[in-house]
Amino acid sequence: MSKGRAEAVAGASGILLRYLQEQNRPYSAQDVFGNLQREHGLGKAAVVKALDQLAQQGKIKEKMYGKQKIYFADQEQFDMVSDADLQVLDAKIVALTAKVQSLQQSCRHMEAELKELASALTTPEMQKEIQELKKECAGYTERLKNIKAATNHVTPEEKEQVYRERQRYCKEWRKRKRMATELCDAILEGYPKSKKQFFEEVGIETDEDYNLKLPDP
């Protein structure tokens, strides 16, 4: 082993031993490398070699699970924990789990509130919007004032009379247009020229000539 690699393995050994003892749970070499690489800049080869050396020295334990080797702290270095102590720890775990869930729920509420606030108008934007709305409101107020001051209001009866007359005139228009069309069609059956020439000779002007459209019934 080169000097540089030996120093890397030696440096990694102390870090890995301390990490496994603090966490006190089993890890694969890949797990340890992934958890510590960013913080300590360890190379995977150095991690694998350091774990093997620590296991050979008896400072940590290793066990095979299928084709994967698992490393964990030597449990003999830790004091024995009684059933009562385990029950206390279990109760603490339950309490901390409930606290974590409560904090997560509170965090979700705050994130939702933050999202809502982020999408809302800023104070300057609100002030500008208020000014524009006030200006628009003033325009409507002036328009309403002019409408109320007018003396030529149309009563509901007058309005209804206008609608009835319009309906009557449109009905008469439709009736006369149908009669004129039928009469022209009858004449054109024996007319030697085209319909356009007939209209020009007779002097007939159609609604279409003036882009007029008969209103719907």
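If you go along the chain as it appears here, the first residue is 1 and each next one adds 1.
Any Cβ shown, glycine's included, is placed from N, Cα and C.
Just so you know, TrEMBL annotations are computer predictions that nobody has curated.
Feature annotations, courtesy of TrEMBL:
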| type | residues | note |
| --- | --- | --- |
| DOMAIN | 12-73 | domain 'Homologous-pairing protein 2 winged helix' |
| COILED | 86-150 | coiled coil |
| DOMAIN | 154-210 | domain 'Leucine zipper with capping helix' |
Number of helical, extended and coil residues in the domain 'Homologous-pairing protein 2 winged helix' (12-73), per DSSP | 37 helix, 14 strand, 11 coil
The correct DSSP tally for the domain 'Leucine zipper with capping helix' (154-210) reads 45 helix, 0 strand, 12 coil
Per-residue pLDDT averaged over the domain 'Homologous-pairing protein 2 winged helix' (12-73) comes to what?
-> 89
